[in-house]
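As written in Swiss-Prot, here are the features:
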- ASP40, GLU65, ASN92, ASP117: S-adenosyl-L-methionine binding site (BINDING)
- ASP117: active site (ACT_SITE)
- LYS121, ASP153: substrate binding site (BINDING)
- 123-128: region 'Interaction with RNA' (REGION)
Amino acid sequence: MARVRIRQHVNPLSEKYRQVLACPDWATVYDDVQRPLHLDIGCARGRFPLKMAQQHPDWNFLGVEIRQPLVLEANETGDRLGLKNLHYLFGNINVEPEKFFSAFPPTLQRVSIQFPDPWFKQRHNKRRVAQPELVTAIANALPPGGEVLLQSDVEPVAQDMRDRFAENDNFVFTHDTPWLAENPLGVPTEREIACFNLQRPVYRCLLQRTP
């Protein structure tokens, strides 16, 4: 299958992306909805959830991506491989995130935000993915002990995400150092592999939902 070509950055504030994410009938996309669920926000081509689903058949994986062609391609790949613990959704996670998470199964255990679009300019801060409303929604959806993994190769972006989650009293860091040297999940994203090959640093942290 030919690789889908897409725009690198998409403005999440444009009218096209202002619809609330619609959750599927979970029983139709997963063969066992009781498995713990990992949500990967901004999954791009979905290679990370795909590899995780292959390596961890005892978990369900959900990728959310704002670029629809990538979601269509990713679901086609998952279907072709017969993975019953993997699904992708198209949409903007920051449109009424509480409503989106309220339709989740009660099995959410982990959320990851990895290498999001950086939106460097100060006036574009509202386009960044880790908005306060999303952080609150994640905190409300995760059970005690649930995890959040944050990664970026752009230090100001990583620091901004880190600060947003640190400001929420429902999260604590699992490590004493500012950044983790290694990916705690052991499965790199495509961007992470590229950074490794270029000897470019990656700034990552892992948080846990408090009781």
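Each Cβ is built from the backbone N, Cα and C atoms, and glycine gets one as well.
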- Ten-angstrom check, please: count other Cβ atoms within 10 Å of the Cβ of ASP117 (S-adenosyl-L-methionine binding site), all chains counted. 19
- Taking the center of the Cβ atoms of ASP40, GLU65, ASN92, ASP117 at the recorded S-adenosyl-L-methionine site, which other residues in this chain have a Cβ no more than 8 Å from that point? ILE41, GLY42, CYS43, ALA44, VAL64, ILE66, ARG67, ILE93, PRO116, VAL129
- One residue among the binding-site residues ASP40, GLU65, ASP153 has the fewest other C-beta atoms within 10 A of its C-beta, namely ASP153
- For the region 'Interaction with RNA' (123-128), the mean pLDDT of the predicted model: 63
- For ASN92 (S-adenosyl-L-methionine binding site), just give me the three-state DSSP call. coil
- Query: Does DSSP give ASP117 (S-adenosyl-L-methionine binding site) helix, strand or coil?
  - Reply: coil
- Please give the greatest C-alpha separation between any two of the S-adenosyl-L-methionine-binding residues ASP40, GLU65, ASN92, ASP117, in angstrom, as a whole number. 14
